[in-house]
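These notes are about the structure you will find just below.
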Amino acid sequence: MDQKQNIEQFKGQPRLPKFAIPKRYDLYLKLDLSACTFSGLVHINLSIVETTKFIVLNACELVVHQVFFTTSLNHRITPCDVVLNGNDEILMLGFEQVLGTGEGVLSIEFSGALNEQLKGLYKCTYVDKGVRKNMAVTQFEALQARLCFPCWDEPALKATFKITLDLPSELIALSNMPINDEKINGNVKTVYFEESPKMSTYLVAIAVGLFDHIEETTADGIKVGVYCPVGKSDEGKFALEVAVKSLDIFTRYFSMPYPLPKLDMVAVPEFFGGGMENYGLIIYRENEMLYTDSRSTAARKQRLTIVVAHEVAHQWFGNLVTMEWWTHLWLNEGFATWISYMATDIMFPEWKIWTQFLQEINGGLRLDAQEKSHPIEMEIQHGHEVDEAFDAIGYKKGSAVIRMLQEYIGDETFQKSLSFYIRRYAWSNARTEDLWSVLSEVTGIQVNSMMDSWTKQKGYPVISVKSKDHILEFEQSQFLLSGFHGDGQWIVPITLCFGSYDRIKSFLLESKSENLDASELFPTSDEKNEDEYGEASWIKVNIGQSGFYRVKYGDELDARLRKAIKKGFLSVTDKYGILDDRYALCVACEQSLSSLLLLMDVYRKESDYIILSKVIDVCYNVLEVLRDAIPELTNALKENFINILLCSAKKLGWESTPGESHLTGLMRGEVFMALAAFDHAKTHEQAMHRFQSFLDDRSTEFLSPDTKRTAYIAVMRNANTSRDGFESLLKVYRDADAVQEKEHVLRTMASTPSPDILVEVLNFFISKEVRDQDIVYGLPGISLEGHEIAWLWMKENWNFIINKYNGGLLTHFIRDIISPFCSNEKADEVEEFFESRVTSSFAMNLKQSIEQVRIKARLVESIKQERQPLQDLLKQLVCKG
């Protein structure tokens, strides 16, 4: 009775007790792919560090058949209690006698089922010569190694792993380490892998299936292998090239060689994320690793490069040095995001990727301006809370504050500090404060006092700047899209330039407000012309948008900046930043929509990709809100946006020209898609014509990968008058062999304005024809006209949806169907529906989505007050053509 009572003490605990520490796992797994089951035996070398009658480790959805503990004196002890607790996902072992301190081996025989939820050791399917077959893949981050074998499933409890697999003899087995030996016995093959170095359980990986394989050896002798679906090895060549180059870049940057003898990358047909950085075996969904010039867009090529570089970077930042607990997840993801852009810039400098990093920053700024945001260091009490930490704060804000710190410290010193950090914590674990400590040590700057304000509290400041004589007044306050100002305060690295990028000033804003005497930086009398200060009188704060904050200018400074944009004095990144800040201030109802539209008009002749992309993004968002605020102005607003984009569309044309830049391909895709979404008649006409050519000949060059989605949107926008196009697009999906083609179709099908067809499309998305993971492509494309229909559909199908999709995929239904609404009534309706249905897996995402709806509802009311000025302005802008 006492023993039973004692075992109860381990239930409901957020972390495992530290009586026993794992040192080595000897794991054997036998796979039955026909029955979709597995059985296994694991011997775990333990250090018993406190005398105990209990051993507690993680296990979930496993059947435990036999357990025993062998002491260092070779005494075999069987536990008297073996209790699997499903709620806490722990296996509790109680022994009659006390286990003394020292070494021992815990042996557990177990079995389980290959699940279909894309987690743990799961089943996915592929087609071999027309026959659908099963394969087995793992996804263990964050807490799913316990679904495959009993283990200490916490990142700080690193150990070595020796893995042995039994599998059908015709298949290929991959794991973290190279194969040491293989034995074939009839139709079963036993594969023995080399023992790994120390690593966390979430980085253990297995993939068993049928693959084609290509490989290269790096200058350092590392074998890099790429495993593709059979017949598609050519589509893996670009990813292989990127991986080899990335390994070289990171080896030099960290002054630390890649520590394993090989790095394999495998594309699997079903995978929850984009890629997973398992040590020595990176697993990708097929779309993220396969590339072909004839089918893939410029955007896909760029995305693939960044994703591969991101996962390779994790081999150092995450795998070699691992966060101590999930609270510090951003150390993995923020750094891998930032450094993937650095590597991409080295490989493809012509892509100007650091200007596109502004889109990463923007994703963080958007979410972090909500009251329902959270700090970068999100306190994770229980491991299950970590799923919602994989968001724009950890990845995008995390990478943005790293970039800000790098700019403040300087590239060379920053690199030296990171190299030192990697060497100090190699094969071990670290916390955020450990990184700040190393940076402070190397630089002599108290980095932690500055950076704690960015990582330990949520939000960021808006810096208000006013000019009085030659004194600049700076004031910071927390920026919230709700219009309220929070009480946060930051240590802000301010940079600014005065009329020229040759006149620059930087300082730390450490208090609520500060004045700066800028007399010596203002233009001298020799530089003045007929204007009071002349054309050199503009001031731009946050040069290059390197700081994670917004800027609000006084009226006089704002007018000068608009003039500087017209004159072409500002850099691309600064022009982007001014528009982005203005849009955010408009959403927060701190500046009018009219002032935003006037600023957008200044960008009419812009030809740089990143600025056009921002203009298009703002167009979509403004249209979404204006439809609710002043419906009768919707067509005039669309016409104005079309006029802004037509200049670029004429220059770009539908077809690529020999030798054109990568950025031109990106621009063509986005500009023509926007014109199709805004129902530009000539774009629709041309798109439908090209789509017909594509139906007649699937290899036609008349419809390039970059313009396919434009054609598909045009087809679906016109599906309310004819079903033929919709049926044709369905056939394109069903006939497609390439995952890239299927993705194009899924991203555009829901753009129809037709309620009946939209319901058909949504039902198709959740049918067996579409892999569960691919729902992430379809839902963001729902048309503005279709959101009410989509919401009704989701409510009707909610029980089916919540049973079919795991927590991570559920968040896409929440975000993509709820957040586009713009009224408090709708927010209330959503809250009422989910009151009894919300689960912890999407609770935070639901709150954030409802908050977005209320933010837009407030903006709708603000815009209604501008009705007449907006009507007059749009008439004037449309007349400009």
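Glycine is treated like the rest: Cβ placed from N, Cα and C.
Copied from TrEMBL, the annotated features are:
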- 22-203: domain 'Aminopeptidase N-like N-terminal' (DOMAIN)
- 238-454: domain 'Peptidase M1 membrane alanine aminopeptidase' (DOMAIN)
- His310, His314, Glu333: Zn(2+) binding site (BINDING)
- Glu311: active site, proton acceptor (ACT_SITE)
- Tyr395: site 'Transition state stabilizer' (SITE)
- 538-854: domain 'ERAP1-like C-terminal' (DOMAIN)
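Glu311 (active site, proton acceptor): 26 other CB atoms within 10 A of its CB, across all protein chains.
For the recorded Zn(2+) site, residues His310, His314, Glu333 set the reference point as the centre of their Cβ atoms, and the other residues of that chain within 8 Å of it by Cβ are Glu277, Glu311, Ala313, Phe317, Gly318, Asn332, Phe335, Ala336, Thr337, Ser340. The C-beta environment of Glu333 (Zn(2+) binding site), restricted to residues of the same chain at least 6 apart in sequence and closer than 8 Å, consists of Phe390, Gly394, Tyr395, Gly398. Cβ neighbours of His310 (Zn(2+) binding site) (same chain, under 8 Å, six or more residues apart in sequence): Gly275, Glu277, Ala336, Thr337, Ser340.
Cβ neighbours within 10 Å of His314 (Zn(2+) binding site), excluding its own Cβ and spanning all shown chains: 26. The Cβ neighbour count for Tyr395 (site 'Transition state stabilizer'), using a 10 Å radius and every protein chain shown, is 23. Mean pLDDT, taken over the domain 'ERAP1-like C-terminal' (538-854), works out to 93 on the 0 to 100 scale.
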